[in-house]
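Quick look at what Swiss-Prot annotates:
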TOPO_DOM  1-14  topological domain 'Mitochondrial intermembrane'
TRANSMEM  15-45  transmembrane segment
TOPO_DOM  46-59  topological domain 'Mitochondrial matrix'
TRANSMEM  60-87  transmembrane segment
TOPO_DOM  88-227  topological domain 'Mitochondrial intermembrane'
BINDING   His161, Cys196, Cys200, Met207  Cu cation A1 binding site
BINDING   Cys196, Glu198, Cys200, His204  Cu cation A2 binding site
BINDING   Glu198  Mg(2+) binding site
Amino acid sequence: MAYPFELGFQDATSPIMEELLHFHDHTLMIVFLISSLVLYIISLMLTTKLTHTSTMDAQEVETIWTILPAIILILIALPSLRVLYMMDEINDPSLTVKTMGHQWYWSYEYTDYEDLNFDSYMIPTSELKPGELRLLEVDNRVVLPMELPIRMLISSEDVLHSWAVPSLGLKTDAIPGRLNQATLTSTRPGLYYGQCSEICGSNHSFMPIVLEMVPLKHFENWSSSML
């Protein structure tokens, strides 16, 4: 989860988020090197007294500054496309959960079970227990098995919402009349927090998401108790 004054991303909990972090570091280094080079050239231009007024054209220089940016863009685009296709790939999910956004709460339906569905509301600050997080706790957590591919079907009953869990690398729009899908796989157990990430009205900040990733045996016991 996030911490106060955190400057980086949350710890990756899924293979997709790990790939996103690697791509971020790769792209950030390229941007840093380009910015440093530009600042160095600007500082030289401002401080040097040397001039060159006899140059009418420079084919070699023009060739270099055309080819070099193209190579840099390719070095950014190829890993970006790889991560993009990984995020859209869904192979034989073990479980499917349908998520519906409402003003201002989420409802969940486990489609592999006949009557396993519930609404998830934020717990008001006045009802929080010691150690619970303000504006992030819910009355019904989404319990899911870890280390298994899970398909999330995401839509909305009213306005545009967005279902996002940063530590899993997930952010999918919930659009009325349209069913979007995303895949998540958690590599370790724990509680993972998210929030609606699309402004959806006056209580937009009060519809958090809490995923509880547990071993498969614990999930089976939980699902049996809910039916």
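Quick reminder: no glycine exception, Cβ is built from N, Cα and C everywhere.
Structural mapping of features recorded in Swiss-Prot.
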{"residue": "His161", "record": "Cu cation A1 binding site", "DSSP class": "strand"}
{"residue": "Cys196", "record": "Cu cation A1 binding site", "DSSP class": "strand"}
{"residue": "His204", "record": "Cu cation A2 binding site", "DSSP class": "helix"}
For the Cu cation A2 site built from Cys196, Glu198, Cys200, His204, further residues of that chain with CB within 8 A of the site's CB center: Gly101, Trp104, Val159, Leu160, His161, Ser162, Ser197, Ile199, Gly201, Met207
Cα-Cα distance linking His204 (Cu cation A2 binding site) and Cys196 (Cu cation A1 binding site), given in Å to the nearest integer: 7
Cβ-centroid neighbourhood (8 Å) of the Cu cation A1 site, His161, Cys196, Cys200, Met207 excluded: Gly101, Gln103, Trp104, Trp106, Ser162, Ala174, Gln195, Ser197, Glu198, Gly201, His204
Distant-in-sequence Cβ neighbours of Glu198 (Cu cation A2 binding site), under 8 Å, six or more positions away: Leu160, His161, Ser162, Asp173, Ala174, His204
The topological domain 'Mitochondrial matrix' (46-59): DSSP-derived helix, strand, coil residue counts: 3 helix, 0 strand, 11 coil
Contact set, same chain, for the transmembrane segment (60-87): CB under 8 Å, 6 or more residues outside the stretch: 15-16, 19-20, 22-23, 26-27, 30, 34, 169, 182-183
Tertiary neighbours of Met207 (Cu cation A1 binding site) (same chain, Cβ under 8 Å, six or more apart): Gly101, Trp104, Tyr105, Trp106, Met122, His161, Gln195, Cys196, Cys200
Folded-back contacts onto the topological domain 'Mitochondrial matrix' (46-59), same chain, C-beta under 8 angstroms, at least six residues removed: none
Same-chain residues near the topological domain 'Mitochondrial intermembrane' (1-14), Cβ under 8 Å, at least 6 residues beyond its ends: 20-21, 24, 133, 166-169, 184-188, 190-193, 213
Site with most surrounding Cβ atoms, counting all protein chains shown within 10 Å, from the binding-site residues Cys196, Cys200: Cys196
Arithmetic mean of per-residue pLDDT over the topological domain 'Mitochondrial matrix' (46-59): 77
